[in-house]
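Report on the structure given below.
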Amino acid sequence: MSHEIFEQAKPILKKIQNKGFKAYFVGGSVRDYIMQRPIHDVDITTSATPDEIESIFDKTIPVGKEHGTINVVFQNDNYEITTFRSEDEYIDHRRPSEVYFVRDLYQDVQRRDFTMNAIAMDLNYRLYDYFNGQQDINNRVIRTVGVPSERFSEDALRIIRGLRFQSQLNFQIDSDTLHAMSSQISDIQYLSVERVVVELKKLIMGNNVKQSFEVMQNMKAFNYIPFFKSFEMSHLHIDEPITFELWIAILIVQQPKDIQLSTLKISNQEKATIKKWVTLIQTLPKIQSKQSLITLVYDYNLNDIEILLSLHHLLKQNGLTTANHLIINEISIREANEKLPIHCRKELAINGKDILNHTNKNSGPWLKDTLREIEIAVISNQIVNTKEEILEWVDAHVKI
């Protein structure tokens, strides 16, 4: 069975093969193809060295040439092509001391993390499965390639990746693999927090997050991760997928600590989102009327009903005060959203410049306050969202 994303990349494999080298699709794209899951990009592995790949293709980017990876730009798409490689002893539980380029596919896939990710596929969709990865996929089992303790000693991030796959794919972890994870969990303290957070963001949004989160708690994994080790993670209950930012916000409100978000090495946008969720969580108990709910839905752009319902559930589950269920429920949230005449300040019929021209005043803090009062008046249906009516209302109600 063909697949569009592989068909688009076939010419790359053909071009490499025409030069006398081997080339295969490998990793997550092959796994997802077997599972009939959405495929977003493909990884290609080859017997050609990075220098040879650069000589074959016109446009290349040496993103990780020293580790065997060349980015090939083909028909306006980027493809990562990595040379078959073998690795020397790992240092710091995260990177090999030396990488060797090899010409044999088996040598390459035997260094990979899990059997389901160690399957290669040629351009004719023939599979090369040396470690029974298809069988493990069919049985929904996560198992390391070879000895679990060796794989996790090479890169401790594989422990978190395994738990992330459990959450995303709803697979069970092989008992030997799980035992090695638990025995070597302290090694994740040597990882950069950025690498761990990338995996946690995916884990917390998986459909099987409840089981994976509990496994992490039982292993005391959070004791070895910056930021999280400052909290009592056993007190937190997560039984449904949520965003990373919402997870952190619930944790901060549940257990107030003087811990900087910068410890997580996340973006300023993510920090702002977390702070927004913290404020929302602290605001929810104050929602006592339909009008206050309408204002809340407007202020936080809560047009995704499921997010607010999920938050409401998680707060109750974690012993945090939230709004009365008679005020916040699916029907009331939907009604509040539908009643909003506008959904953001940009939809107001006037802007700050209009008010300045109308009042002949200089700009200042009063302008921001006035715009806020106008927003409340419009969303509470005190006035219709037209320029004329808003300016009349300003003249009559706003002290400037």
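Keep in mind that glycine also has a Cβ here, set from the backbone N, Cα and C atoms.
Annotated features, as they stand in Swiss-Prot:
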type	residues	note
BINDING	Gly28, Arg31, Arg112, Asp155, Arg158, Arg161, Arg164	CTP binding site
BINDING	Gly28, Arg31, Arg112, Asp155, Arg158, Arg161, Arg164	ATP binding site
BINDING	Asp41, Asp43	Mg(2+) binding site
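Taking the features listed in Swiss-Prot, we show where each one sits on the structure.
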residue	record	CB count, 10 Å
Gly28	CTP binding site	16
Arg31	CTP binding site	23
Asp41	Mg(2+) binding site	13
Asp43	Mg(2+) binding site	18
Arg112	CTP binding site	22
Asp155	CTP binding site	21
Arg158	CTP binding site	26
Arg161	CTP binding site	20
Arg164	CTP binding site	23
_I need the CA-to-CA distance for Arg158 (CTP binding site) versus Asp41 (Mg(2+) binding site), whole Å please._
21
*asked:* With the CTP site defined by the record as Gly28, Arg31, Arg112, Asp155, Arg158, Arg161, Arg164, how many Å span the farthest pair of C-alpha atoms?
replied: 21
_Can you tell me the CA-to-CA distance separating Arg161 (CTP binding site) and Asp43 (Mg(2+) binding site), as a whole number of Å?_
18
*Please report the DSSP secondary structure of Asp41 (Mg(2+) binding site), reduced to three states.*
coil
